[in-house]
Amino acid sequence: MELGESFLMPYSLEEQTYFMQEALKEAEKSLQKAEIPIGCVIVKDGEIIGRGHNAREESNQAIMHAEMMAINEANAHEGNWRLLDTTLFVTIEPCVMCSGAIGLARIPHVIYGASNQKFGGADSLYQILTDERLNHRVQVERGLLAADCANIMQTFFRQGRERKKIAKHLIKEQSDPFD
């Protein structure tokens, strides 16, 4: 669903924007740790019950995606694996793994900022969240603060290229004693 289309959403656009800004704050935590900057919050009845940001490098665990962390925190908060009547806000379209976890957690609404053309499991490559063959389908809305969400990713990859240039230069200096 495109932003602004009919969507059974309990939150106003102003509230949705606030929650996506909270997800962006989570993404910033990843950026500060040189992790891919994706952030996520899960909301129930206007309250954030789960937060997460990518922490794969820090944890050395491939599954430490923002959505997985937020789902775990929300499960603990609710004392239940079912996250009914919640909305998940995430800065980048969920990957295939996270889309599966969202469905398994029975989260009914997902709003994401920017598309994920390489790993997207909600719209771009696969439509796991809306696949009628599965027993749980999710209402998906895309495009909320898309430019801000894409910008933090671009910043990360730009910084990564700069880090590689510096590392190459340092290696060259250390390996060439005649320069």
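Glycine is treated like the rest: Cβ placed from N, Cα and C.
Taken from TrEMBL as is:
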type	residues	note
ACT_SITE	Glu67	active site, proton donor
BINDING	His65, Cys95, Cys98	Zn(2+) binding site
DOMAIN	14-141	domain 'CMP/dCMP-type deaminase'
What DSSP gives for the residue listed as 'active site, proton donor', in three states, is helix
For the domain 'CMP/dCMP-type deaminase' (14-141), how many residues does DSSP put in helix, in strand and in coil? 48 helix, 30 strand, 50 coil
Stretch-averaged pLDDT - the domain 'CMP/dCMP-type deaminase' (14-141): 97
Minimal Cβ count within 10 Å, across the binding-site residues Cys95, Cys98, points to Cys95
Not counting His65, Cys95, Cys98, residues with a CB within 8 A of the CB centroid of the Zn(2+) site are Ile38, Ala66, Glu67, Met68, Pro94, Val96, Met97, Ser99, Ala101, Phe119, Gly121
